[in-house]
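Since the structure comes first, as structure tokens, the remarks are kept for the end.
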Amino acid sequence: MSLYFVRHGQTDWNQQGKLQGRSDIPLNAIGIQQAKDTSRLLKDVSIEKIFCSPLTRAMQTAAILQEVTKCDIVYDDRLKERCFGDLEGKKMNTITTYLWDFQALPCPHAEAMLAFFQRVQEFLKEITTDLRTHDYLIVAHGGVYLPVHEYFKGLQREQDLMKIVPKNCTLTKFDASLSILV
């Protein structure tokens with residue numbers, strides 16, 4: 001069976017190029033429409049359960065997707081975006097080289113990269129035994145996609161990780177082969 005991953009829809013901070021992290025920013029009108037568009041891709045997929053970050057932008061996206069999947073949503077703190085501490089709210093283009101550096105010390109009040117990956121992958125270990133018989137959907141964040149991708153497909157931590165972060169409301173399917181559906 002498969003694990004599907006959807007990054008939340010667009011927020012005003014996404015549109016403005018600001019780093020969100022744990023800042024609880026809601027979807028904007030474009031993000032709501034993106035979620036509706038993505039929900040159409042799930043109409044023929046039998047999702048057993050949606051696992052979702054408890055941040056508003058992910059919860060709003062999951063609620064829209066649930067209208068099509070008709071399954072329960074389970075919220076899990078381990079799917080929250082990485083805490084970027086004092087960098088949250090700053091423009092991404094001024095700080096991106098620092099964001100995903102595994103060797104760098106975290107900026108003040110931020111979550112270390114390795115701790116973030118461990119947190120998300122601990123969650124994945126719990127649910128992957130059920131993937132043999134069920135299809136699940138994770139609705140979370142661009143940063144959360146990185147440890148999910150590493151868990152299923154491997155990841156070279158030296159590469160520019162920002163290049164593999166999916167766009168808002170991209171649907172990715174993890175199974176024997178990685179396929180990006182939107």
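Every residue number used here counts from 1 along the chain in the order it is shown.
In case you wondered, yes, glycine gets a Cβ from its N, Cα and C as well.
Record note: TrEMBL gives ARG7, HIS8, GLY9, GLN10, THR11, ASP12, TRP13, ASN14 as substrate-binding, and the candidate from ARG40, ARG57, ARG78 in that site is ARG57. Under a cutoff of 8 A between CB atoms, and with a sequence separation of 6+ in the same chain, the neighbours of ARG57 (substrate binding site) are HIS8, GLY9, THR11, GLN20, ASP24, ILE25, PRO26, LEU27, GLY31, HIS141. Of all Cβ atoms in the protein chains displayed, 22 besides its own lie within 10 Å of the Cβ of THR11 (substrate binding site). The two recorded residues, TRP13 (substrate binding site) and GLU81 (active site, proton donor/acceptor), have Cα atoms 14 Å apart. Separating the Cα atoms of ARG7 (substrate binding site) and GLU81 (active site, proton donor/acceptor) is a whole-number distance of 11 Å. The maximal spread of the substrate binding site, taken as the longest Cα to Cα distance among ARG7, HIS8, GLY9, GLN10, THR11, ASP12, TRP13, ASN14, ARG57, is 15 Å.
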